[in-house]
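TrEMBL has this to say about the protein:
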- 354-365: compositional bias 'Basic residues' (COMPBIAS)
- 374-386: compositional bias 'Basic residues' (COMPBIAS)
- 397-429: compositional bias 'Low complexity' (COMPBIAS)
- 430-442: compositional bias 'Pro residues' (COMPBIAS)
- 5-399: domain 'Protein kinase' (DOMAIN)
- 463-482: domain 'WH2' (DOMAIN)
- 354-464: region 'Disordered' (REGION)
Amino acid sequence: MDREFIAERQKGLQNYLNVITTNHVLSNCELVKKFLDPNNYSANYTEIALQQVSMFFRSEPKWEVVEPLKDIGWRIRKKYFLMKIKNQPKERLVLSWADLGPDKYLSDKDFQCLIKLLPSCLHPYIYRVTFATANESSALLIRMFNEKGTLKDLIYKAKPKDPFLKKYCNPKKIQGLELQQIKTYGRQILEVLKFLHDKGFPYGHLHASNVMLDGDTCRLLDLENSLLGLPSFYRSYFSQFRKINTLESVDVHCFGHLLYEMTYGRPPDSVPVDSFPPAPSMAVVAVLESTLSCEACKNGMPTVSRLLQMPLFSDVLLTTSEKPQFKIPTKLKEALRIAKECIEKRLIEEQKQIHQHRRLTRAQSHHGSEEERKKRKILARKKSKRSAVENSEEYSAKYSNSNNSGSGASSPLTSPSSPTPPSTAGMSTLPPPPPPPPPAAPLLPASTEAPTQPPPQAVNGVSRGALLSSIQNFQKGTLRKAETCDHSAPKIG
């Protein structure tokens, strides 16, 4: 229980937590969140998901659970199950269940209608939804299981069924993709983002785990996330920059993260990125600079159309005959537009709060620095000196006026050239005590008739020292013994 030892261990634990919380993957881990905030992360979401899925199977008996896919995703409130159809036992599907997030602004009716509309979305670069349903508190979707996994599985050479932390937190080998893969996959992803933007459908959830690989084709996943109001994987990054304040600019910024991961085989250490490592082509660096550099984060993101015109993607030929199809009724389009505006408004408010907090933290840090403390001490000394001099001058003027107005022997003798007592910096200036009265004339013998001249009164309190000296040198033994007659004793008759 030694105090120094405890302080040292406390500092070490704080450093340890700082490292964990600055790691983007670890900071989103359920164990970390439960340790740091047990009150808000006490629910058992696996149990809740199983209850919801069981209720679903009562009305849809053709589906059957093969096994739960534990922790394959990064979200705490989203669970996955491997499924099969009873009359097609060899086919494997993935069921995903998620509850509502903080950005769910659609009415329950519009929300359920849009979720059920997702299986009708056909696009060469969107992964097909087999079945979708929703209630007032969650949504459940089924897609085909892909043995190859996602784009992130390709980059990290991971197995799709493994837990998220095991797959991506500490890869054995870091290696980016080939230049042609980067160009092709990048172009396909930008095409589908442009399609969604043109349709007015908010996305905001682009990252490598949300891109399924089907041969040499990238297909986007989890279109339902924005309808559910779930937070983006990269929200902690783009919420720092006030110019990234629309879902379109969020998608472009997230594309920058994805492109960096495809190029270098790992996510950036921090954002904004000051300098980029050598890349397979300068055209790659040009796109990265337009989405992740300090200037881009400060001034705003380019549009998806602008990225498609850049040299890295402009010469990519896409060979697909599938015609995109996604019909959204006008009423639901209006509901989506309003929900999108609400999501962006909340993002802007959050960015404003973060900006104010950073300013306050910087001011406190600057105010508490050693250099600032020294400056404040010097200023305080100067102010104290100035105040003392002003008080001294004010008293001197008052004292001079009182001397001039006095008359006769009662007025202390002063000389016009008498100096003003010096003031000491930092101490309060008090007026000197009044001069003591002249001592009484000593008793003289009768034969002495010459009158005694009283000593002159002290000037500016000079004789005070003499009086103090006389008191200090007083000797008790020199006093004459007094004779007293005590009549207080009792009388006995």
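Including glycine, each Cβ sits where the backbone N, Cα and C put it.
Please treat TrEMBL annotations as automatic predictions, because they have not gone through curation.
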DSSP-derived helix, strand and coil totals, residue by residue, for the compositional bias 'Basic residues' (374-386): 13 helix, 0 strand, 0 coil
Residues of the parent chain within Cβ reach of the compositional bias 'Basic residues' (354-365), under 8 Å, 6 or more residues beyond its termini: 239-240, 242
Arithmetic mean of per-residue pLDDT over the domain 'WH2' (463-482): 69
For the compositional bias 'Basic residues' (354-365), the number of residues DSSP places in helix, strand and coil: 12 helix, 0 strand, 0 coil
